[in-house]
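Report on the following structure.
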Amino acid sequence: MSPQTETKASVGFKAGVKEYKLTYYTPEYQTKDTDILAAFRVTPQPGVPPEEAGAAVAAESSTGTWTTVWTDGLTSLDRYKGRCYRIERVVGEKDQYIAYVAYPLDLFEEGSVTNMFTSIVGNVFGFKALRALRLEDLRIPPAYVKTFQGPPHGIQVERDKLNKYGRPLLGCTIKPKLGLSAKNYGRAVYECLRGGLDFTKDDENVNSQPFMRWRDRFLFCAEALYKAQAETGEIKGHYLNATAGTCEEMIKRAVFARELGVPIVMHDYLTGGFTANTSLAHYCRDNGLLLHIHRAMHAVIDRQKNHGIHFRVLAKALRMSGGDHIHSGTVVGKLEGERDITLGFVDLLRDDFVEQDRSRGIYFTQDWVSLPGVLPVASGGIHVWHMPALTEIFGDDSVLQFGGGTLGHPWGNPPGAVANRVALEACVKARNEGRDLAQEGNEIIREACKWSPELAAACEVWKEIVFNFAAVDVLDK
């Protein structure tokens, strides 16, 4: 019998139910560089102390169960258990607390976002002692980061592949998202790329439906982008959505895209799942394909302030699982996105090292070591009048994607693309000359309208379109 087993046997087994805080609330614990750290927003049921609630989260997301079990004596709980090491009250909220939990790295399989989430956000979110629970942030230690491939290529490699520098990239989601035939779909792709866009995009729910099978769409879109490349002298791309009902079918579609010689494919990473996404990211790295990621279903998970998973966590998970682009909100468009919060997770997507900054919702310092960055994609209800704000908010390393803001142009798709390209070039030029895009944005666009009738027409159509709704998910004040 080993000394470890002898020690545990000597303690003896006492059946029954213990309060979680007796084992899992350890305010004296000093976190290790190798721990995964989590910040949970906890809303306990009436009568449940915050220490017990925080300890319950640590227990149920690591080694604990509802009662003492004799097999606890066969392992080292002190080595493997999660620990709630700090609790702080949320200012301005009744009965809400931030519980900080540390997890030993040995609890997680290397290179598996799936396993990490199965532990940290598995059964614990249905725990009866909690009225609500939200995972606000994770600190991923470098030791765990290094077990992931991450994005297939990253920002610099993508720019080198496309030979495009010094400005944001421009995209367009083809509309209507459902119902077009493959040939008409390809026509819209060609017209937008020919007009000056860098990318066009399948919408998230375009897979392989009766009105347009995936193989037909891939063929017509490849023809469209090659024709646009020949006529413009610029490298073009279309995000061919490879998302499918099985991983095998998804990879088959990615293989066909590679055989066509296109530069980029797409995946819906939340509905498709992290295992499928990581598999596709590895295929894209090995075969020179860029990977665009759509976040369909994210608001089901992240929009409510007191329950779910914050998008900054989903963004970190995507960087680990793999993707070269991901939709990140616009701040100014039709979709949810508060400015400081959005800029916080945009930095977490792009930068190598991000300091803790609670003013932007960042609970932990994050060191990504050598993991490539991800381009944030601003998309959803944006048009030419938003271009100065988008350029100022997101900077050069971003993709600005106008669907209705291109295809809704009164003169057609090519002039819609021209209007967006002219507006972007005008904003970049003004910024490089030292002008303030936030203060002078409208004036910059009006000046550009004088030498671009396409832009002038777009400005007239969308001059009164705004989306003035308060964000649901805002920072604690």
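Heads up, residue numbers simply count up from 1 along the chain you see.
Keep in mind that glycine also has a Cβ here, set from the backbone N, Cα and C atoms.
Taken verbatim from Swiss-Prot:
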- K175: active site, proton acceptor (ACT_SITE)
- H294: active site, proton acceptor (ACT_SITE)
- P3: N-acetylproline (MOD_RES)
- K201: N6-carboxylysine (MOD_RES)
- K334: site 'Transition state stabilizer' (SITE)
DSSP-derived class (H/G/I helix, E/B strand, else coil) of K175 (active site, proton acceptor): coil
Between K201 (N6-carboxylysine) and H294 (active site, proton acceptor): CA-CA distance (Å): 10
Least buried by Cβ count (within 10 Å) of the recorded positions K175, K201: K175
Cα-Cα distance linking K201 (N6-carboxylysine) and K175 (active site, proton acceptor), given in Å to the nearest integer: 10
Cβ neighbours of H294 (active site, proton acceptor) where a neighbour is any other Cβ within 10 Å: 28
